[in-house]
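Right, one structure below, let's go through it.
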């Protein structure tokens with residue numbers, strides 16, 4: 001019997017939780033972060049479930065673990081953990097991780113105000129604004145984002161037939177826009193969106209293939225992005241992003257905002273240099289920007305893409321030393337359907 005101890009820094013990004021594991025993470029094998037992610041999922045997934053699931057976490061919990069970088073052009077590597085698994089990239093998680101890591105002295109940047117993160121999805125460039133000991137704002141330049149498919153049909157309980165676009169912004173997103181059987185996220189409760197989303201995701205993954213052209217391990221749709229008209233005067237659009245099994249992102253979602261900008265750019269509604277302010281279900285904002293156009297060249301297809309950036313803020317809420325005790329029947333956590 002053993003008691004495993006994890007020292008965590010807890011916080012939130014624009015309302016969505018981030019648990020940064022600053023001590024106790026396992027040593028991982030692999031020459032890339034995607035390989036290390038696979039090793040973690042294979043042998044240490046109990047750490048993820050123990051820290052993210054009840055009774056130590058909850059349905060919306062997400063987090064990260066810091067590692068030395070696997071590539072010379074990066075300052076630090078990040079493994080993202082959440083209730084649904086280990087995401088290749090997490091926008092709100094990145095903003096929270098950078099904020100807390102800088103404020104707590106866990107990372108020493110080579111250039112003040114800038115960081116390069118080694119993530120399973122690739123290099124993520126960071127610029128941050130610091131006021132004394134506090135990080136006030138973080139802007140991440142994300143991996144290439146692209147529109148993957150348009151007008152995919154799927155049957156939704158209660159609503160009926162829906163058409164969705166699927167875009168990639170670090171994860172694959174089904175984007176539900178206003179149409180005959182769907183009006184606006186404001187017209188439905190969060191509980192309804194939570195009930196419908198996993199069914200849509202399962203049906204879409206069964207009916208269609210989603211494969212990143214360059215990253216073989218990214219091969220399924222994981223998120224549903226419900227759109228709506230903004231309430232905040234600065235925002236261009238509003239969204240409710242479903243992830244995991246029962247969670248609606250409280251932040252505007254970084255990879256979701258990246259995917260949304262890629263979709264709009266592919267349809268001629270955004271161009272390089274354009275700003276896109278995205279509002280969350282609780283009214284917090286991410287400030288997105290199309291940095292430049294690019295393309296993703298795979299063996300079978302070449303996709304027009306953008307390099308998006310996302311800016312937001314995070315706040316630390318406290319320190320947390322968490323035990324995962326082998327004597328505990330709920331050592332590895334649990335979820336309630």
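Positions of Cβ are set from backbone N, Cα and C atoms, glycine also.
Residues or ranges marked as active site, proton acceptor in Swiss-Prot (evidence: similarity to another entry): 90. What Swiss-Prot records for 91, 92, 223, 249, 254, 255 is substrate binding site. Summarising the annotation, Swiss-Prot assigns active site, proton donor to 253 and lists similarity to another entry as the type of evidence.
This view paints the features noted in Swiss-Prot onto the structure.
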{"residue": "90", "record": "active site, proton acceptor", "Cβ neighbours (10 Å)": "30"}
{"residue": "91", "record": "substrate binding site", "Cβ neighbours (10 Å)": "33"}
{"residue": "92", "record": "substrate binding site", "Cβ neighbours (10 Å)": "31"}
{"residue": "223", "record": "substrate binding site", "Cβ neighbours (10 Å)": "24"}
{"residue": "249", "record": "substrate binding site", "Cβ neighbours (10 Å)": "28"}
{"residue": "253", "record": "active site, proton donor", "Cβ neighbours (10 Å)": "34"}
{"residue": "254", "record": "substrate binding site", "Cβ neighbours (10 Å)": "34"}
{"residue": "255", "record": "substrate binding site", "Cβ neighbours (10 Å)": "35"}
Fill in: Shell of the substrate site beyond 91, 92, 223, 249, 254, 255, same chain only (C-beta within 8 angstroms of their C-beta centre)
90, 93, 169, 170, 171, 241, 243, 251, 252, 253, 256, 257, 258
Worksheet item: Under a three-state reduction of DSSP output, how is residue 90 (active site, proton acceptor) classified: helix, strand, or coil?
Response: coil
Worksheet item: Where residue 254 (substrate binding site) and residue 90 (active site, proton acceptor) are concerned, what is their Cα separation in Å, rounded?
Response: 7
Discussion item. Tell me the Cα distance separating residue 253 (active site, proton donor) from residue 92 (substrate binding site), rounded to the nearest angstrom.
Written reply: 6
Practice prompt. Rounded to whole angstrom, what's the largest C-alpha distance between any two of 91, 92, 223, 249, 254, 255, listed as binding substrate?
Written response: 14
